[in-house]
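A.B. asks: Just lifted these from Swiss-Prot, have a look:
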type	residues	note
SIGNAL	1-24	signal peptide
ACT_SITE	37	active site, nucleophile
CARBOHYD	117	N-linked glycosylation site
CARBOHYD	286	N-linked glycosylation site
ACT_SITE	329	active site
ACT_SITE	332	active site
């Protein structure tokens, strides 16, 4: 036996041993994250895009800007830590996201992305859901190379997959100011929503075919209440915009039906529907009871009448106490709001997350 062959065998055995130890000692499931800027952990840092958050004051309570579109942690960060993780799920495009690190999960989310490939064009580069699934397929092969088909299948069966998408398909596609005026005249909301659902059905089915079994699907929040939408229509006054919320709820109703359909048709799957619209709407309507002082004005914004239209950046002013604001910037919640949302998704009843919550999902044994 040559020295080279011997060394190669040692390396292979070491990798297999390490992988088995890593899996055997795993107390929490791997975490695979798909979605948009609500859960992006820094993938857009590596893209030529206007949708970036890797500059101050973003991440002010994180220690430094990471590419997260908030002052601190995202919902998936909080959920994964609550399940017992000491680490946060790394972004797919980061050069360090490789080797045994991927056995704990990967974040594929991209700011500005959506279900439809036409969504987010105005930002430049973004990784829409189809491309995120392509990236997961690559990770899947890497994991199989590390630990083999059988162990990889076990890992994927126990892993938590979350998909947080759809908001940009409305905000930055169907309801894009000025640009989408003609589209809304010729495409009825019902038709657009049906297009989203049809595409999403294919995407979630593909995720299942790639090995995912425990899948959390987050609906669209009350986008008519975000500072950007309020500021874009002065006639709304202090009210949320009705039409974006109505279309979001039209989509959400069909999404819940889709989740029930997939649970019925895809053997061994457990899809869970997270009603973030209901949770965030409750926070906004009852903000003071949650300890917030502002549910309309973003913590990070430019001074002036249109401050709620401009993304958070170096020229922005930051509120003194981030824990008192529901919104960090014109689009995204603060960490304080994210904590409330995450807790209700983790442990809420069926009015918040259906048919089971994330803690129950994590403990669920799936053999198929």
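Yeah, the Cβs are placed from backbone N, Cα and C, and that goes for glycine too.
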A.B. asks: Given the recorded positions 37, 286, 329, 332, which one's Cα is the least distant from that of residue 117 (N-linked glycosylation site)?
C.D. replies: 37
A.B. asks: Enumerate same-chain residues with a sequence separation of six or more from residue 329 (active site) and a Cβ-Cβ distance below 8 A; give 'none' if the list is empty.
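C.D. replies: Long-range Cβ contacts: 69, 70, 227, 298, 299, 300, 301, 311, 312, 316.
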A.B. asks: Highest CB neighbour count within 10 A among the recorded positions 37, 117?
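C.D. replies: Selected residue: 37.
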A.B. asks: Using DSSP and three states only, what is the residue listed as 'active site, nucleophile'?
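C.D. replies: Looking at the DSSP assignment, the residue listed as 'active site, nucleophile' belongs to neither helix nor strand, so coil.
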A.B. asks: Per DSSP, to which secondary structure element type does residue 117 (N-linked glycosylation site) belong, with helix, strand and coil as the options?
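C.D. replies: Once the DSSP labels are grouped into three classes, residue 117 (N-linked glycosylation site) ends up as coil.
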A.B. asks: Please report the DSSP secondary structure of residue 332 (active site), reduced to three states.
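C.D. replies: Coil, per DSSP.
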